[in-house]
Amino acid sequence: MSRAFIPPAQHGMKILNRDAFKKTVSTLAMRVQAKRVGSLMKKLQSELLNQPRLRNVVNGDDDTKLILLRNDLTEEDIPKLPEDIKSIIEQENLGFEQYSMDLDYSYWTADQILHAVIPADDTPASYTQIGHIAHMNLKEEFYPWKQIVGQVILDKNKNITTVVNKTNNIDTTFRFFQMEVLAGENDMIAQVKESGCRFKFDFSKVYWNSRLHTEHDRLIQMFKKDEYICDVFAGVGPFALPAAKKGSIVYANDLNPNSYEWLNENVKLNKITKGIHTYNLDGREFIRKAVQDLQATSNDWKTFDHFVMNLPATAIEFLDTFHGLYHDQKTQYDASSSAKLPMIHCHCFTRSSEPANDIIERASQVIGAPIDRATSIAHNVRNVAPNKEMYCLSFRLTPEVAFATR
């Protein structure tokens, strides 16, 4: 197998110099009749150069071509090859020669360039893409090279025009974080597509995580047409808009005024003209207000089918709002033969070795009564950091909690 070509090391570099990554490489080539190339390529597949973005065959003269062989082979190695391969080479080869190639900055990948610049086994080439923005979360040890990192990511990804780095922890109140532009335009207005909807927002002022698209879809698929959905921490609408678009009736809220503004903008952008009501309130206040507003539309029992609480850092603390939430609606509930209480989907973080037990116990303490383990589901959403997982606890609100004395 060929050894991977690597760029020249530039460990002292602090300002990107693209010319410093020029390198001439060579490999053993065998000259063959041009008409035999197709057949020989299949037979010699394991012995070819096989390097990314480089051809295994180059022009020779009018009647011949050069087949480039593994770059760890020399003419002295040919007799040591397996008999079938050696026999083919002996029969078809019109002569060996060294073939040279000039590689430059444009050839190398971002990871290869950063490995050449940063003297560490690990390199910061990973990022999350939000529209035209590459969002990085650099470790402090890589800060001396952060401008180079940003420029390399920008150079190597044609659909990225802005590279940013997170500079502090997420704000737990308004759910955004400070960031700095490492390379490219200072343009934070991103546009993304997800779950059949378009979303536009200022990434520097609201929360968006593209890694949660699977979780968004998972819950959205649960929601049915004409069901009532209460999205307590809606952000710019990744749950609310697709749910409304499929025919659910959605009450969506976010405390961050910028998120609320972009939520409303995205309602217009997706041409959703009915089935969505937006609020800009504290989570507890919104839960109470939304329940009252919905019940006010009917003299009979009427409430939400699902509550979504996607604020994993603190959402579990808001479960106390459900204790006695429907105390004043007990008469309507008892009078209805089809009344049912809502499902609650509460996102949270856990570091426990027994995450389901940890989450259920914490939620039970906050809500004021044991959550039924038999009917609750603790779904692992994703790994956030070493020994830190994001979960979604789904459970049905019980009459014991819903109609308790406040």
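Each residue, glycine too, has its Cβ placed from N, Cα and C.
Just so you know, TrEMBL annotations are computer predictions that nobody has curated.
Since the structure is predicted, the reported quantities are computational estimates derived from the model, not experimental observations.
Taken from TrEMBL, the feature domain 'SAM-dependent methyltransferase TRM5/TYW2-type' covers 127-399.
Taken from TrEMBL, the feature S-adenosyl-L-methionine binding site applies to HIS216, ASP254, LEU255, ASP282, GLY283, ASN310. Annotation for ASP282 (S-adenosyl-L-methionine binding site): spatial neighbours LEU255, criterion Cβ-Cβ under 8 Å with sequence separation of six or more.
Applying an 8 A CB threshold to same-chain residues 6+ apart, the list for ASP254 (S-adenosyl-L-methionine binding site) reads PHE233, ALA234, GLY235, VAL236, TYR260, LEU263, TYR279, ASN280.
Cβ neighbours within 10 Å of ASN310 (S-adenosyl-L-methionine binding site), excluding its own Cβ and spanning all shown chains: 26. Listed in sequence order, GLU194, SER195, PRO238, PHE239, PRO242 are the same-chain residues six or more apart from HIS216 (S-adenosyl-L-methionine binding site) with CB atoms under 8 A from its CB.
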